[in-house]
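Undergrad: This is the structure I want to talk about, given as C-alpha cells.
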Amino acid sequence: MAIAEKLASQQKSISVAEFFEKNKHLLGFDSPTRGIITTIKEAIDNSLDACEEAEVLPDIWVSITKLTKETIRIAVEDNGPGIVPDNVPYVFGKLLYGSRFHQIRQSRGQQGIGISAAVLFAQLTTGVPARVISRTGADKPAYLFDLMIRTEKNEPEIIRKEEYNWDRTHGTRIELEFTGSLAAKRRLIDYLKYTAVVNPHARIQADIDGEWHSFERVSDEIIVSPQAIAPHPYGIEFGTLKRMAAISKDNVHEFLITGFSRVGLKSADQMLKIAGIKGTRKAKGLSSEHLKTLLAAMQEVDVPPPPASLCLSPITEEMIVQGLEKEFELDFVKARTRKAQVFSGHPFIVEAAIGYGGKLDQEGQALLLRFANRVPLLYQQGACAVTNAIAGINWRSYNISQQSLPIGPILLLVHVASTNVPFTSESKDAIAAIPEIEKEITLALQDLGRELKNFINKRDRNKLAEDRARAVCSIIPDIATKVAEIVELPPPDISPIEGQIMRRVVAKKKTEDGMVGVSVTNYTRKPIEVMVYSLSEDNQEEAVPKPDFIDVIGSEFNAVWRITIEPESAWKATYPGKGRGTIDIRGVDEKMKVVVDLDGIY
Ligand SMILES: Nc1ncnc2c1ncn2[C@@H]1O[C@H](COP(=O)(O)OP(=O)(O)OP(=O)(O)O)[C@@H](O)[C@H]1O
C-alpha cells in the first residue's frame, strides 16, 4: 500500500476530551497533587463567577475527605443561581462548553473547560462518576446527577438523574473522587487564603480532612458582575471582522457603530472615508479585499479606549487593604488601583499592594501574591509578567535589599483585571509578558515603594527617638529618689513625666475613701481613642457604673467604653469601690501603646 493511503486509513478526527486526557498538564492536571488544587480552584472560580452573576454574597463550602490511602473526595458547594437541569450534563460532561467564552468582560472562567476537565481527571484516576446537585430556585426541585464524559465523543453520559430533597433553595454542589494525596495541603490553604484576600465579599469555609478553615467576608457589598461590551476596533483581527460582517443585517455604517465599542457616528464616517467604502452598502456583502481595507482604516481613526468601568471590576484599594489586614498581620500596608489601560484592544486594570513587617518572614524573599481576574496564580511564578516587572524594579532605591526579587519582611500583591487576561497557557498559571501590562505593574509598585520607604524612614527615626527617651526614663526614678532624699519628702509620682518624655498614653488607678478613680492621660500629639473594658465579676450594677459622659458599647455590667482623648489631656472616671471586677484599658489602634499603671482589680 502506498504510504499516503496507509496514512489515510489512520487519519481521523480527535475529540477535544481525548486531546486533553492525553495532555492534562496543559490544563493544570500534571500530577494528582496539583490536580486536586486545580479542581478546587476551578470549582470555586465557577461558584464566585455564578454568585456575582446572580448578585448574591457568595457562601462557599469546600470539603476534602480522605476515603482510603489513595482516594480523596472533593466537594464544593455554593449558594449561586444553580444550573438548569438540561444544561447540567453539558457544563460538567463536555469540554469547551460554557457561558463566558463569547463575552467580552472580566470573569474568572473564560474557556469553558475548567470544571469538565476536573470531571475528566477524576474519571481517569478512579473511574467514579461526578456527582452534581443543583437547584435554580425555591419553587423548583433540586436534581442530582451522576455523570461521566464519553471521551471519544466529548459528550456527557448521564448515569443517574433524579429529583433530590435538598435544603438549599438555590445553588450547586459538585463531588469528585480522585486518586491522590493531600501532600499539597499547605498550598491549598494558601490558595483559599489568597482567594479570600481578593474576594472580600465571599465567605469560604473548608473542611480539609477534619481540619476546619474559615475565611470570613470583610465586606457585605455585593459585587455586580461586569457587563459584556462589543469588541474594540483596535484589537479586532481579520477573521473576526469577516465573521461579524457575514452575520450582520446592517449597512456598513450601522455595523461599525453597533458592532464595535466606542465607535460613534463621526468615527464611523471617518473610517468609511479612509477605506473608500460607501456607508449604505450592506456589511454582509463586503468582499475580503474591502474588509481588509476597512480593518486598516479602523486602526487609523482615533477611538477612545474601551469602557473599562463597565466591563472590569477592580477590587479597589480599600478592599485590598482590608483583605490583607485580615489575613496577614502587617505593620504597613498600602494599595494602588491604576487607571484602565488597553493592550491589543483589550482593556485592563492593574492593582498592586505592598505589605511590610508584622509576622512576615524577616529574612527570605518577598512573598509574591499574583492574581488575574481575582484568581490567585499559584504556579509558574518565574514565567509571569508580574515577576518580571517586580525583578525589573530597583528596590534598593527604596531601602529594600534585592536579589532579583526584593528580600525581607515584604509582601507584594499584583492583580491584573482584564476582559482577556493574556495567560501563557490554558492552565492559566502565568501572565504573558505584555509590555503595556508590565509597565502598569512597575508604575504601581514604584509608587508604593516610595510610600514604603517613607514608612521605614519614619519608623527608624521614631525608634531612635524612643530609644533616647527610654534611656532618659531609665534614670528618672533614681534621680527622683535621690532628690526626695535631699529635700526630705516622699518620692514623687513620676509616671506623668515618663509619659511626657515617651509621648504615650498613661492610664492610672487610685483609690480614695472607698472610691476608685481611673484616669487616662494622652501625652501624644494626636487625639487618641482608647477602649476601657470594665468587667464585673458579680454583675452588681454599682460595681460597674456607667459614667454618663461616655458611650457604652457593651452591656452595663460588662461594659466597653470607647473614648477619644485630646492631646495633652486626660479622661477621668470615679466609681464607688464596691463589688469586684477588672478594668482593662487598651488603645483602639492596636499598635498604640498604653502604659497601664493600674493593678486592674477594684
Ligand atoms: N457553580 C456554578 N453555578 C452556576 N453556573 C456554573 C457553575 N459552574 C459552572 N457553571 C456554568 O458552566 C460553564 C462552564 O464552566 P467551566 O468551568 O467548564 O468553564 P468556564 O468557567 O466558563 O471557563 P474556564 O474553562 O476558563 O474555567 C460556566 O461558563 C457557567 O456558565
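Just so you know, glycine gets a Cβ as well, placed from its N, Cα and C.
These numbers come from a predicted model, not from an experiment.
Sharing the record's features from TrEMBL:
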BINDING   Asn46, Asp78, Ser99, Arg100, Gly109, Gln110, Gln111, Gly112, Ile113, Gly114, Ile115, Ser116, Lys428  ATP binding site
DOMAIN    31-182  domain 'Histidine kinase/HSP90-like ATPase'
Undergrad: List those of the binding-site residues Asn46, Gln111, Lys428 whose Cβ lies under 6 Å from any atom of ligand 1, in sequence order, or write none if there are none.
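TA: Asn46, Gln111, by Cβ distance under 6 Å.
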Undergrad: Most Cβ neighbours within 10 Å: which of the binding-site residues Asn46, Ser99, Gln111 is it?
TA: Asn46
Undergrad: For Ile113 (ATP binding site), which residues in the same chain are close in space, meaning a Cβ under 8 Å from its Cβ, but six or more apart along the sequence?
TA: Phe20, Leu27, Leu95, Leu96, Gly98, Glu426
Undergrad: Per-residue pLDDT averaged over the domain 'Histidine kinase/HSP90-like ATPase' (31-182) comes to what?
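TA: Mean model confidence (pLDDT) across the domain 'Histidine kinase/HSP90-like ATPase' (31-182) is 93.
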Undergrad: Let me know the largest Cα to Cα distance in Å among the ATP-binding residues Asn46, Asp78, Ser99, Arg100, Gly109, Gln110, Gln111, Gly112, Ile113, Gly114, Ile115, Ser116, Lys428, as an integer.
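TA: Max span of the ATP binding residues, Cα based, is 23 Å.
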Undergrad: Which three-state DSSP class does Ile115 (ATP binding site) fall into?
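TA: SS state of Ile115 (ATP binding site) = helix.
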Undergrad: Taking DSSP as the reference, which of helix, strand or coil describes Asn46 (ATP binding site)?
TA: helix
Undergrad: Return the single residue from the binding-site residues list (Gly109, Ile115) that has the minimum number of other CB atoms within 10 Å.
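TA: It is Gly109 that, of the binding-site residues Gly109, Ile115, has the fewest other Cβ atoms within 10 Å.
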